[in-house]
Amino acid sequence: MTDLEKGAVGFRELLGQSIALIAPLGAVAATLTGAAQFALGSLPLSYLIGIFGVLFWINVPYQFSRKIGSAGGFYDFAEKGIGKRFGIFTGYLYLFSYFNVITNSIIFVGGVFIPSMLSQFFNITLPSLIWIPIMLIFLALITTLAYLGIRPSLRYSLITSIIEIALLVIFSIIIIVKAGPRNTLEPFTPTPAGGWAPVFEGMILAIFSMSGSSGAVYIAEETKNPLKDVKKAVLISFLITGVVFVLTSYAMVIGWGINNMSTFAPSGVPGLILADKYVGPTFVAILLAFILNSFFAGSLAPLNSASRLLYALGRDNVAPTYVSKVHEKFKSPSNAILLLGLLSGVVSLITGLIMGPFYGFLFLINMSAISLFIGHMLGDVALPFFYKKIREFNVVYHLIAPIVSFIILIFGIYYSFYPPTYPINYSAIATAIYSLGVLAFIFSRKVKVSKRR
């Protein structure tokens, strides 16, 4: 076993990691469209309020990152706040969440996005099981890039994230300019949604779409100045994407028509329809390519984060020590990357064959969401205890803010999983079984955590 490479990346690469985990174009294609199903013409208001909600969300990784820089991320945060077992449970929840970001992304690309794109725009119908080799090729590319080290993967993420942001800004400005007198402040009121309840339902998905900014915390050990740069990357990635999402949501509502938003989400690909209407087929082709890239970078980023987290668990003997091996040349947690890549392929394949790619995608993404929300709630609980221990407690940042975050996440879980429908009900059951298994593992053995960090 060797250590991860110190000082391998700087602030810009961390920023790329955080934005890539948000996956701007992918989030617009999927999560924003889902939020519109609830918020309708008030979608920009949901995102504007969501920005304030995410400020409370990112307070936890921001505050911890001021004092702790470790590949374990929330695992170390929770451990240092409350204790070893609490930290291990939190770490395994985050591992489960990031793992299922990978699984749902690859099955969505292979089994939903590419077949739908070819059918809608080129009238090409693929064989029913062709999603399997497409998915596995996609996974192999992600795993290879992660295996080759943190520098090439984060540089790729940085460059493509900048392009994605630029495309969304250009797309939005063109629609707003061409809309002319149809521009109005009405989308920033609850009137188009018919009240505040749909606005807040949309807000939950808006918060989820911006939650990836905390992914930078797992790259801390490979960062030149972790206690300074990680917190900056978390905050700035959120601010950039938050502003862009508000702009994009407004442009799409104005472009589609405030009173026509009931047909927005059911259209399937509203962003591409608007791009074709307001910009043209060439821009649609560019968007298609970069939406696919967004899913690629949005799968690579959680693989980078999850592999570092698994490496930290193995290093501390609370996961098989096999996963704590670092590649001599590439300085990547190579065994953890290969294991996660293999398991991702197996889980996605089995899920897709049993449920079909679309319902398999929904099953996996909802497992990721509920484990992420619960893991973050545990981080909310740990934050005040940690700052009490180091005698730097601030009642606003370390008590009130995490309490607000905790309450928001309770509503997030409620609106995400109630009423229980297929396959969301199975997502909740599977996550509960996984959590019970982790708890049984933790309390069935004497846990000894390394003091080297």
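Any Cβ shown, glycine's included, is placed from N, Cα and C.
TrEMBL: automatically predicted annotations, no manual curation.
Taken from TrEMBL, the feature domain 'Amino acid permease/ SLC12A' applies to 17-449. Across all of the domain 'Amino acid permease/ SLC12A' (17-449), the predicted model scores a mean pLDDT of 92.
Marked as transmembrane segment by TrEMBL: 21-39 (among others).
The feature transmembrane segment is assigned by TrEMBL to 45-62 (among others).
Feature annotation from TrEMBL assigns transmembrane segment to 92-118 (among others).
Note on the transmembrane segment (130-150): residues 4-5, 8-9, 13, 102, 106-107, 109-111, 114-115, 156, 219, 222, 296, 299-300, 303-304, 307, 327, 330-332, 334, 337-338, 341, 344-345, 348-349, 352, 357 of its chain, located 6 or more positions outside it, place their CB under 8 angstroms from a CB of the stretch. Under the heading transmembrane segment, TrEMBL lists 130-150 (among others).
The list of residues near the transmembrane segment (157-179) in space but at least 6 beyond its ends in sequence, with Cβ under 8 angstroms from a Cβ of it, reads 12-13, 15-17, 19-20, 23-25, 28, 240-241, 244, 247-248, 250-252, 254-255, 271, 274-275, 278-279, 283, 286-287, 290, 293-294, 297, 300-301. According to TrEMBL, the transmembrane segment annotation covers 157-179 (among others).
The transmembrane segment feature in TrEMBL is assigned to 199-221 (among others).
Annotation source TrEMBL lists transmembrane segment at 233-258 (among others). For the transmembrane segment (233-258), same-chain residues at least 6 beyond its ends with a Cβ under 8 Å from one of its own Cβ atoms are 11, 14-15, 17-19, 22, 24, 27-28, 32, 35-36, 41, 43-44, 46-48, 50-51, 54-55, 58, 61-62, 65, 165, 168-169, 171-173, 175-176, 178-179, 182-184, 186-188, 192, 206, 209-210, 213-214, 216-217, 264, 270-271, 274, 277-278.
The transmembrane segment annotation in TrEMBL covers 278-301 (among others).
Annotated transmembrane segment per TrEMBL: 336-355 (among others), in sequence order.
The transmembrane segment annotation in TrEMBL covers 361-383 (among others). Within its own chain, the transmembrane segment (361-383) is flanked in space by residues 57, 59-61, 63-64, 74, 77-78, 80-82, 86-87, 89-90, 93-94, 96-101, 103-104, 107-108, 111-112, 208, 211, 347-348, 351, 355, 398, 402-403, 405-406, 409-410, 412-413, 416-417, 423-424, 426-428, 430-431, 434-435, which lie at least six positions past its ends and keep a Cβ under 8 Å from the stretch.
The feature transmembrane segment is assigned by TrEMBL to 395-418 (among others).
What TrEMBL lists as transmembrane segment is 424-443 (among others). Within the same chain, residues 85, 88-89, 92-93, 96, 362-364, 366-367, 370-371, 374, 416-417 sit at least 6 positions outside the transmembrane segment (424-443) and bring their C-beta atoms closer than 8 Å to a C-beta of that stretch.
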Does the transmembrane segment (199-221) reach the transmembrane segment (395-418), going by 3 or more CB pairs under 8 Å (6 or more apart in sequence)? yes
When counting Cβ pairs under 8 Å to the transmembrane segment (395-418), the leader among 21-39, 45-62, 92-118, 278-301, 336-355: 45-62
Contact between the transmembrane segment (21-39) and the transmembrane segment (278-301) (at least 3 Cβ pairs under 8 Å, separation 6+): yes
Report, as numbers and ranges, which residues of the same chain sit near the transmembrane segment (278-301): CB under 8 Å and 6 or more residues beyond its ends. 17, 20-27, 29, 101-102, 105-106, 108-109, 113-114, 117, 121, 138-139, 141-142, 145-146, 153, 156-157, 160-161, 163-164, 167, 171, 174-175, 178, 212, 215, 255, 271-272
